[in-house]
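Novice: Encoded as structure tokens, here's the structure I'll be asking about.
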Amino acid sequence: MSFTLSPRCSGWAAALATVLLWSGFFLSLRLGAEEKLPPQALALLRFGIPALLLLPYYWRHRTRLHSVPLRWQLAMLTGAGLPFFWLGATGMQLAPVAQGSALIPGTAPLMVSLLGLLLWREPCPAQRRCGLSLIALATATLLLSGEPGLWQGQVCFLGAGLLWALFTLAVRHSGLAALDAAALVAVPSALLLLPTLLWSPLPTVGHASIWLWQGLLQGIGAGLLAALCYAHAIRTLGAEVSSALGSLTPVMAAILAWWLLGETISQPVWRGSGGSISATQPAAQQAAAQTAVE
């Protein structure tokens, strides 16, 4: 007797796996900042490892991948490539994990709907507007209640959330499969990083175990597995539902940061995370309704 998941159930599983992998991504950025690891080295791990693994696939399917309209290629490279990573890494040097994990995936559903409305005139049903209002309220609570010195990191996180929303919409409109999207981001990003080695060689700071964990969390976890899982969730659940489920990341990341890094979880972060969780309910109801129809 064989057991197979329906496409929509596999999308749910992929979305929840993405939440766990994203939490590891935020923790690795914070650990890198605490250990004074250069962002360039972390970026090479983040994009170099998946690029090496996906290079044969990228080369074999290069004609088909490059047939995707240039605007979607650039949107994916910007939204999940070096600009996104730079904003996330810079913000993590200026603010705690709980802030980054709340503002990047937490605001992505709001950004997705706003971009869809402004650029493609996509409708926004009342049920989704309710969830987006909760996200906006939770974000405002987090921004207004934070310490004064955190604003620079918060700006970086909001910018990264906007870029991630751009990537989410680009994957949906391009029609690419999960492996295609991961390869189209990792390989060009790694190639863009290679010239930096000419004037800035790789650092030798840090214990070997630190680099091993960074390679696992950044390269394998965030660079490859999270990209595959998220792209699959977009294809099966839709961009809005997938980004809404990503709002669960702040809770997981905050708990892990408290447990592993000893970070305190402030009341504004708890309230902001609670608002994000409440905002996922309309998305869950939408996905459940679609599953029932199918």
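Glycine is no exception: its Cβ is also placed from the backbone N, Cα and C atoms.
Below are the features I grabbed from TrEMBL:
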type	residues	note
DOMAIN	13-142	domain 'EamA'
DOMAIN	153-277	domain 'EamA'
TRANSMEM	12-29	transmembrane segment
TRANSMEM	41-59	transmembrane segment
TRANSMEM	71-89	transmembrane segment
TRANSMEM	101-120	transmembrane segment
TRANSMEM	151-171	transmembrane segment
TRANSMEM	178-199	transmembrane segment
TRANSMEM	211-231	transmembrane segment
TRANSMEM	243-261	transmembrane segment
Novice: Quick check for me: are there 3+ Cβ pairs below 8 Å between the transmembrane segment (12-29) and the transmembrane segment (178-199), leaving out pairs under 6 residues apart?
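Specialist: Judged by the Cβ rule, the two regions do not touch, with the required three close pairs absent.
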Novice: Summarise the domain 'EamA' (13-142) as counts of helix, strand and coil residues per DSSP.
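Specialist: The domain 'EamA' (13-142) comes out at 114 helix, 0 strand, 16 coil.
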Novice: Can you see whether the transmembrane segment (178-199) and the transmembrane segment (243-261) are touching - at least 3 CB pairs under 8 angstroms, only pairs 6 or more apart in sequence?
Specialist: no
Novice: Would you mind listing the long-range same-chain contacts of the transmembrane segment (101-120), meaning Cβ under 8 Å and 6+ residues beyond its ends?
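Specialist: For the transmembrane segment (101-120), the far contacts come to 19, 22-23, 26, 88, 128, 131-132, 135-136, 138-139, 142, 154, 157-158, 160-162, 164-166, 168-169, 239-240, 243-244, 246-247, 249-250, 252-254, 257, 269, 272-273, 276, 279, 283.
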Novice: Checking distant contacts: for the transmembrane segment (41-59), what same-chain residues at least six beyond its ends satisfy Cβ-Cβ under 8 A?
Specialist: 28-29, 32, 65, 81-82, 85-86, 89, 179, 182-187, 189-191, 193, 202-203, 211, 214-215, 218-220, 222-224, 227
